[in-house]
Amino acid sequence: MTIKTMAEYAASGETPEVLFWVGCAGSFDQRAQKITKAFATILDKAGIRFAILGKEESCTGDPARRAGNEFIFQMMAQNNIQVLNGYGVKKIVTACPHCFNIFKNEYPELGGNYEVLHHTSFLQQLIDEGKIKMTEGGTFKGRRITYHDSCYLGRANNIYEAPRKVLEALDAELVEMKRCRSKGLCCGAGGAQMFKEEEKGITRVNFERGREAVDTGATVIAANCPFCMTMLTDGVKEQGKEDSVQVLDIAEIVAKQLGD
Amino acid sequence: MHLVQQLLFVMVLAAAVYLFARKVREIRRNILLGRDVSLNDNPGERWRNVLLLAFGQKKMFRNPLVAVLHFFVYAGFIIINAEILEIILDGAIGTHRLFASPLGSLYPVLIGCFEILAVLVLSGCAIFLIRRNILKLKRFIGHDLDGWPRSDANYILITEIVLMVLFLTMNTADQVLQSRGSEHYIATGNFWISGLLTPLLNGLSDSSLMALERGCWWLHILGVLAFLNYLPFSKHLHIILAFPNAYYADLRPKGKMENMPAVQKEVQLMLQPELAASEPPAEGIPKFGAKDVQDLTWKNLLDAYSCTECGRCTAACPANITGKKLSPRKIMMDTRDRAEEVGRALNKQGTFQEDGKALLRDYISEEELRACTTCNACVQECPVSINPLHIILQLRRHLVMEESSAPAEWNMMFGNIENNMAPWKFSPDDRDQWVVGS
C-alpha cells in the first residue's frame, strides 16, 4: 500500500478525501504503530483517498495544556493550524481520542475549523455504508470481548455507541465492565499522567482497570486510544493474564476481520 | 394575650428574614469575588437544565433507589413549605387554620397530602441517617468529612425529622380537639395520617392538648426559621443554589478546556512578529491560572457554595479510588472554606488585605492537583452541575506558568514537545517511519 502525504497530494494538484492524523503515539510508540498500520490498511481497502502529514505533523499540545503549560499548547496549536489551513484541510480522522477532542473542541476558537472524526466513528460509517465487509466466522466469532470507554471519547464527547456498533458487527459476545459508558473508569493516562509517575496510593489506576477488565472473563479487551492501550496492557500483565487476554484497538480487530 | 403572641411572632419572623437576607448578601458578595465570565448564552438550553437537573434531579437517578428517597425528602420539603404560608399568616393575623374555611373540603385533602409527604420525609431522613452512621457507606466515611461536615449532615437530617414530628403531633392534637368540639379548633374534617394517630393523645385533657398543639406550632415555625438561618452556614445550601448552578452549568462538551486569550495573543505575536507593530500595548501583566479564590471564576465559587458534600465525585475519581490524596469533593469544600475566610476578612476590614494564605497549598496541595487524570468522572457524577476539574486545571496552570513548578518528567515532556514536536524524545524526522513496510 502506498501512503501519500498532504505535500504529495498538493504537488500533484489533488485533494484527498480525509487527512489521517496519526498522532505522536501512533507515530512513535511501537505498539501504537500497529494500530496506525491497521487503520491505514482499512482505509486503503475501503478505497478511501486519505493523506497523512508525515514529517509536518506535530503534537497537538494536549498533554502540555492539561499539565498547565498553555504556552507550549498555543505554540503547537497555532503551528498545526497554520499547516492544516495551508493545505485547506476540511476533514480529519484520528485514532487518538485526545487529538480528536482537541481538534473538535479546542482548535476552532484558535482558527482551526475542521470536520473531525474519531476512527471508531469513521469505521462505523464505513461498515454502515458497506465500504468494508467483515468475514463471517472470523477470529473473534463467539469470543468474549469487553470494551473500555476512553474518557476523551466517552464523557468528554459523549461517544459511546459508535465503537460498540463496530464491535457488534463482529459476531462476538460483547460484555460490559461494571463501570462502563459514562461511568467508565479512566485507564490512568489522561491529563498528562502518561508522562509521569503516579502519586503515592494503594494501587495504580491501570491495575484497578486491568483487574476489572479481566474479571469480565473476556479474552479480548477492546480499546480506542493508544494511551489506554499501554495502560491496559500493563494492567492485564499485572493480573498475570497477558497470555490469555489480548488488548487490541478496535481498528486492529476490524483489520483482522476484513474480507478480501 | 393573643396580641402579644402575634407581636412576638412578627418580630421573630422579621428577625429571621433579616438575618437570612444579610447572610445571603454576604455569600453573593463572596461568590462575586471570582473573576467574571459570561454564562448567559442559550437561555433555552439553560432553562432545560434547570428543569431536568435541578427540578427533575436527573443525575440523582443514576442510582434509582437513593434518587427516589431523595426525591421524597425534596418534594416533601418544598411542598410542605406551602403549609408554612398558612402558618405565617395565622401567626401574624392571630387566626387558626386560616385556609380551612375558604378551601372547604379540599383543605383536609391538602393537609392529608402534606402529612403523607411528612411521613415520607421522615422515613427518607431516617434511612439516610442509617446509611451515614450505621451502614457507613464509603463516600460518607471519607476523611474529607471529618469533624464539622459530618455533624452538619446529621444535624440537617435530625432537624428535618424533628420538624416533621412536630408537624404531625400538632395536627394530631388539633384533630383530637376538633373531635371534642373545642372552641377555636374549627372542624376541618379528617386528616389522613394524624387522623389515625388520635388514639395516642385521646387520654390528654383539653388544656394539655391545647398546650401541646400550641407548643408544637411554635417549635415547628421557630425550627423552620432557625433552619433557614442555618442553611447559609451549611452544606444544605444546595437546596437553593442547585437551581442557579444548573442554569449556569457549562453547556460545552466536557472535554473542552477554557482558552487563555492572553497566552494565545502572546504566542501569536511571537509566531507572527509583523503583527506586533499594529498591536496596542498590553495592559499590565496578565495572571496565569489561579492561586486563590479571586482568580477562579464566580461560577467556580458558586459551585463551591452549591456543594452538599455527597461525595459522588470522589467515589468516581480514579485517583481517589486508587488511594491518592486527590478528592474532588475536598477541592470544592476547600474552595468554599477559603472563600468564607476571605469573606470574614472583608466583613472585618471592608477591603481584603493579603493574609499570607491562598487556596493553593494552604488548602489544596500540589500532590492532590498532580494526581488528576482529567477524566471528567467528577463532573459527570455531580447531581448539581459542579465542575471540580475546572478549578484543578486553573491551579495547575498557576503552578506551571507562574511558579515553573512541575514534576521533572513533565518538564522533560514540555521540552520534548517544544524541541521534537512530540512528548517523547524522538526525532521529528522519524515521524513517518511506520510507513516503511506498511
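The chain as shown is numbered from 1 upward.
Cβ coordinates come from backbone N, Cα and C, glycine included.
A TrEMBL annotation is a machine prediction, not a hand-curated record.
Note that the coordinates shown come from a computational prediction; the quantities given were computed from them, not determined experimentally.
Residues annotated as transmembrane segment in TrEMBL: B:6-21 (among others).
Long-range Cβ contacts of the transmembrane segment (B:65-89) within its own chain (Cβ-Cβ under 8 Å, at least 6 residues beyond either end) map to 13, 57, 95, 97-99, 111, 113-114, 117-118, 120-121, 123-125, 127-128, 160, 164, 167, 217, 220-221, 224, 239. Residues annotated as transmembrane segment in TrEMBL: B:65-89 (among others).
Using a Cβ-Cβ cut-off under 8 Å and counting only residues 6 or more beyond its ends in the same chain, the transmembrane segment (B:109-130) has close neighbours at 69-70, 72-73, 75-77, 79-80, 82-83, 99, 103, 154, 157-158, 160-161, 164-165, 167-168, 171, 188, 190-194. What TrEMBL lists as transmembrane segment is B:109-130 (among others).
Annotated transmembrane segment per TrEMBL: B:155-173 (among others), in sequence order. Residues 73, 76-77, 80, 83, 111, 114-115, 118-119, 121-122, 125-126, 128-129, 132, 191, 193-194, 197-198, 200-201, 204, 209-210, 212-213, 216-217, 219-220, 223-224, 227, 230, 234-236 of the same chain, all 6+ positions outside the transmembrane segment (B:155-173), place their C-beta atoms under 8 angstroms from a C-beta of that stretch.
According to TrEMBL, the feature transmembrane segment maps to B:185-204 (among others). Under 8 Å from some Cβ of the transmembrane segment (B:185-204) lie the Cβ atoms of residues 96-97, 100-101, 105, 107-108, 111-113, 115-116, 118-119, 168, 171-179, 212-213, all in the same chain and six or more residues away from its ends.
The transmembrane segment annotation in TrEMBL covers B:216-233 (among others).
Sequence-distant contacts of the domain '4Fe-4S ferredoxin-type' (B:298-329), counting only residues of its own chain at least 6 positions beyond either end whose CB sits under 8 Å from a CB of the stretch, comprise 27, 30-37, 39, 138-140, 142, 144-145, 149, 152-153, 235-238, 241-242, 244-245, 248, 250, 335-336, 339, 365, 367-369, 371-373, 375, 377-392, 394. Annotated domain '4Fe-4S ferredoxin-type' per TrEMBL: B:298-329 (among others), in sequence order.
The annotation domain '4Fe-4S ferredoxin-type' is assigned in TrEMBL to B:360-392 (among others). Listed as Cβ neighbours of the domain '4Fe-4S ferredoxin-type' (B:360-392) (distance under 8 Å, sequence separation of 6 or more from its ends, same chain) are residues 49, 53-54, 57, 59-60, 62, 238, 241-242, 245-246, 248-250, 254-255, 258, 290-292, 296-297, 299-300, 303, 306-308, 310, 312-319, 324-332, 334-335, 337-338, 398-399, 405, 407.
Residues 9, 12-13, 16, 19-20, 23-24, 26-27, 84, 87-88, 91, 155, 159, 162-163, 166-167, 169-170, 173, 239-240 of the same chain lie 6+ residues outside the transmembrane segment (B:216-233) yet bring a C-beta within less than 8 angstroms of a C-beta in it. Counting residues per DSSP class in helix, strand and coil order gives 20 helix, 0 strand, 12 coil for the domain '4Fe-4S ferredoxin-type' (B:298-329).
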